[in-house]
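Colleague: Annotation source TrEMBL lists domain 'Heparan-alpha-glucosaminide N-acetyltransferase catalytic' at 140-266. Among the features that TrEMBL reports, transmembrane segment is placed at 147-168, 188-206, 218-237, 252-270, 282-306, 399-416, 436-454, 466-483, 503-521.
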Amino acid sequence: MLQPRGIFPCFCHHARQNPLSSRLALMSSLHPLLSQCLYQFLAFVPPSNESLRKPGTASVMVDTQHPLTLLLNSSEGDRDLCKIQYHFGEFGNYSLVVKTLNTQTVSCDLIVNEGPINSYLHSVNCDPTPQSWSTGSRPRLRSLDTFRGLSLVIMVFVNYGGGKYWFFKHESWNDICQLHFPSALFSRFVFIMGTSIALALGSMLRWGSSKWKVLRKILWRSFVLILLGIIVVNPNYCLGPLSWDNLRIPGVLQRLGFTYLVVAALELLFTREGQLPALQDILPYWPQWIFILVLETIWLCLTFLLPVPECPRGYLGPGGIGDFGKYPNCTGGAAGYIDRLLLGEKHMYQHPSSGVTYQSTMPYDPEGILGTINSIVMAFLGLQAGKITLFYKDQPKQIMSRFIIWGIGIISAILTKCSKEEGFIPINKNLWSISYVTTMSCFAFILLLLIYYLVDVKKWWSGAPFLYPGMNSILVYIGHQVFANYFPFKWKMQDSQSHAEHLTQNLTATTLWVIISYIFYRRRVFWKI
């Protein structure tokens, strides 16, 4: 009888202060529920080299037909250190990372380096991001993917037109109550990106990646995101063939890429391991907070102190006929001035939402340079949510209580005086004002709290259907932009003024992307950078 093809795992032993023994033995057996089988010897795992900081490794091939029980045994004292039951898949690549914490405690984490391939369906797993499975840790938080997918699905629907209803359109300038759908979507993406950074970097460092290797991945991912934003998802295609003369430099993916670079590098630089004190998600990271406060001070100084020609200092208005037409060429104040000065008017967004209502003629880019500072702050606040879920895993009450504390909008209430226009700093998505960031972060914490409670704590909801686009967000976002004007996502309507026809078309297009992401999910195809 032919046996299925095997896998090639790499078993690593990371010794800490008190190595348990000079050699470790790894053995396997069929799952005891299937058959009472003796353990079969697989390999000796040599101890790590402390001087070279190199873990001991051993590579073996295991059978994939039945679930296996892996037993790690100390060759000195004949003591069982850890036992893991797992059903490996064909052609997968796995790492069993073993860490000696002290003389009595060992942690064993099984890492999926390359997902298995179903040879009967010929599916391909394009997800290079390792996923951790451990006997001592919680499974992947589905609430994060669900949160991301929910935001993405609404974003796709809004970008396709939102049925041409007014409440799905972008606000002209200052946003009312910030419960407006379009105003919240991009900010949620930035927030959840920060959350994912904390979990992803922690996972990579735990299973043995060096900081230099992780930094290279951060730089590469940032570069690809920025490149995709400039070359692939660029609204200036509407003005004709892409050329440097009218190439829009800022954009959604560009801002995501740069924000990811700064926040991920900041987290990598100051990441901590081992036992941490009380408020472990805040106090040990005081250098990060100082950096963020310096960034915010720069934003405040440039926004309110930078002199802008023919404009009042600290102007935050839309220009045009706004403010009784006093400042027609001051759209965005310092933010617009900096973009026009450094990027040039032709390399900015030419048709901002403020132009329709306020008849402003100056180009203004909502993803401009100055606002990127506050998108970094937004991602950093999302990073705190990731640290909370990481440091308080298996303690849902602790996680939820901290989400509630972070969700209290005291800073936003002070900055805005609980008003639309009368506060110190109005809530403005076009400017990405600090009050917008703090307000959206509060909503993000509360929404993440609700999804976490329903999906991961009570398990009343699987996260479907939003889970699927959330796990393939890059594919869905770029795909819905590139194919927006192609059938079956768009077709000629009989009555272009009909809300019913627009709603049918937009819902159909959005649903198709959910179905596509579900098909990719079932075939284990995940496009990640």
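A Cβ is built for glycine as well, from the same backbone N, Cα and C atoms used for every other residue.
Keep in mind that this is a model prediction, so the values were computed, not measured.
Could you place these features in context, so I can see how deep they sit and what lies close by?
Modeller: Within the chain, the transmembrane segment (147-168) has long-range Cβ neighbours (under 8 A, six or more residues past its boundaries) at 180-182, 185-186, 188-189, 192, 447-448, 451, 463, 465-471, 473, 476-477, 480-481, 484, 489-490, 499, 502-503, 505-507, 509-510, 513-514, 517.
If one looks beyond the transmembrane segment (218-237) by at least 6 residues along the same chain, the residues whose Cβ comes under 8 Å of a Cβ in the stretch are 246-249, 251-254, 256-258, 260-261, 264-265, 268, 349-350, 477-478, 481-482, 529.
Counting residues 6+ beyond its ends, the transmembrane segment (282-306) has Cβ neighbours under 8 Å at 266-267, 270, 272, 276, 313-314, 316, 333-335, 337-338, 370, 373-374, 376-377, 380, 384, 387, 431, 434 in the same chain.
Counting residues 6+ beyond its ends, the transmembrane segment (399-416) has Cβ neighbours under 8 Å at 281, 381, 384-385, 388-389, 392, 423-427, 434-435, 438-439, 441-443, 445-446, 448-449, 452-453, 457 in the same chain.
Distant neighbours of the transmembrane segment (503-521): 149, 153, 156-157, 160-165, 465, 467-469, 471-472, 475-476, 479-480, 484, 488-491, 493, 527; these residues of the same chain sit at least 6 beyond its ends, with a Cβ under 8 Å from one of its Cβ atoms.
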Colleague: Is the number of Cβ-Cβ pairs under 8 Å between the transmembrane segment (188-206) and the transmembrane segment (466-483) three or more, considering only pairs separated by 6 or more positions?
Modeller: no
Colleague: Apart from its near flanks, which chain residues at least 6 from the ends of the transmembrane segment (252-270) lie with a Cβ under 8 angstroms of it?
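Modeller: Answer is 186, 189-190, 193-194, 197-198, 201, 211, 214-215, 218-219, 221-226, 228-230, 233, 285, 287-288, 291, 367, 371-372, 375-376, 378-380, 383, 477.
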Colleague: Six or more residues beyond either end and a Cβ under 8 Å away: which residues meet both conditions relative to the transmembrane segment (466-483)?
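Modeller: Apart from its flanks, the transmembrane segment (466-483) reaches 142, 144-150, 152-153, 155-156, 159-160, 228, 232-233, 253, 489, 509, 513-514, 516-518, 520-521, 525-529.
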Colleague: Determine how many residues of the domain 'Heparan-alpha-glucosaminide N-acetyltransferase catalytic' (140-266) DSSP places in helix, in strand and in coil.
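Modeller: The domain 'Heparan-alpha-glucosaminide N-acetyltransferase catalytic' (140-266) comes out at 94 helix, 1 strand, 32 coil.
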Colleague: Mean pLDDT for the domain 'Heparan-alpha-glucosaminide N-acetyltransferase catalytic' (140-266), as a whole number?
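Modeller: When the pLDDT values over the domain 'Heparan-alpha-glucosaminide N-acetyltransferase catalytic' (140-266) are averaged, the result is 83.
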